[in-house]
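Visitor: From Swiss-Prot, for reference:
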type: SIGNAL; residues: 1-20; note: signal peptide
type: DISULFID; residues: CYS149-CYS191; note: disulfide bond
type: ACT_SITE; residues: CYS152; note: active site
type: DISULFID; residues: CYS183-CYS224; note: disulfide bond
type: DISULFID; residues: CYS282-CYS334; note: disulfide bond
type: ACT_SITE; residues: HIS288; note: active site
type: ACT_SITE; residues: ASN309; note: active site
type: MOTIF; residues: 359-362; note: motif 'Prevents secretion from ER'
Amino acid sequence: MATKKLLWVVLSFSLVLGVANSFDFHDKDLASEESLWDLYERWRSHHTVSRSLGEKHKRFNVFKANLMHVHNTNKMDKPYKLKLNKFADMTNHEFRSTYAGSKVNHPRMFRGTPHENGAFMYEKVVSVPPSVDWRKKGAVTDVKDQGQCGSCWAFSTVVAVEGINQIKTNKLVALSEQELVDCDKEENQGCNGGLMESAFEFIKQKGGITTESNYPYKAQEGTCDASKVNDLAVSIDGHENVPANDEDALLKAVANQPVSVAIDAGGSDFQFYSEGVFTGDCSTDLNHGVAIVGYGTTVDGTNYWIVRNSWGPEWGEHGYIRMQRNISKKEGLCGIAMLPSYPIKNSSDNPTGSFSSPKDEL
């Protein structure tokens, strides 16, 4: 217990420090073309970005435009800050194409369909704690990185399944996104997008999902490896949808377990988010799957969601973003309340042997 508390103190301290260990710049770096070029070279070194000579000059111009956006935004009186992260020499169009949804070829894959029975197990919850953080409760694994693969849906799904499994078994097990990318192909499309609800159903029907160590992530689609996926580690009993456009209902769900959600993550402020409570410009054009792992309120009274992303630990607040909660629009900020869903696990039981499908027996 003491060790867990110490670990959380260390994590909390690093969250307070925010961008202390990340790439930073100063006004003197903006003084001349030469100093800007030096800044770009330092940024490339920090993020180990390799560019050919011809490409470097083109990317330098993109970098300068992004730098000025970050610089000018940070001078404004906003409750969040931006930074020059690993996306700093990508145009917003390029960023959106790779990380925020242009690979979701069919919008219905994120919009989904209503659950037939409309069940919501937390409907009768009457009170919730003022704040919840499933990281503190040991229900969240280390931040992961989807790379240049549109597999955010798989990462969102896995966060929720890892969370409910820890809640039911008191054991935190890192699960395999790659299994979903390679094998869940009936409705989902690997690196070209997918829907968390369909992934929950895949895991239920298959009888479980294997571990990350057994089937590690490769940031690209491959052939489904039956020898790995049959080694089941964690099972679920299904999933439910949170009532759409209802942040109060979403709060009840998150108070009890991590929840998968879809958002619009394609804006420039989201691209370069660093710290604080994000209130930035965004739409309800859902293009990115993430997971809510808690909520809270700042000292000035701003309510927020704690959202786990899949762009690595250097993005945002060590891989997380706090997004404003309880806004006037029913859809929530960036559409966060439009399509929430979560896995159901009724007991602490998990698979004890390999799964064998009819195809395996032929």
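Don't overthink the numbers, they just go from 1 along the chain as shown.
Glycine is no exception: its Cβ is also placed from the backbone N, Cα and C atoms.
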Visitor: Give me the CA-CA distance between CYS282 (disulfide bond) and CYS152 (active site), in Å, as a whole number.
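Guide: Per the Cα atoms, CYS282 (disulfide bond) and CYS152 (active site) stand 18 Å apart.
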Visitor: State the Cα to Cα distance, in Å, between CYS191 (disulfide bond) and CYS152 (active site), rounded to an integer.
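Guide: It is 8 Å, counting Cα to Cα.
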Visitor: Of CYS152, CYS282, which of the recorded positions has the most Cβ neighbours inside 10 Å?
Guide: CYS152
Visitor: Taking ASN309 (active site) as the reference, which of CYS149, CYS152, CYS183, CYS224, CYS334 (the recorded positions) have a CA within 10 A of its CA?
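Guide: Of CYS149, CYS152, CYS183, CYS224, CYS334, within range: CYS152.
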Visitor: Return the residue, from the listed disulfide-bonded residues CYS183, CYS224, with the maximum count of other C-beta atoms within 10 angstroms of its C-beta.
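Guide: That would be CYS183, with the most Cβ atoms nearby.
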Visitor: Give the distance between the Cα atoms of HIS288 (active site) and CYS224 (disulfide bond), rounded to the nearest whole Å.
Guide: 24
Visitor: Given the recorded positions CYS149, CYS152, CYS224, which one's Cα is the least distant from that of CYS334 (disulfide bond)?
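Guide: Given the candidates CYS149, CYS152, CYS224, the nearest one is CYS152.
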Visitor: If you count other Cβ atoms within 10 Å of each one's Cβ, which of the disulfide-bonded residues CYS149, CYS191, CYS334 has the most?
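Guide: Result of the Cβ crowding comparison: CYS334.
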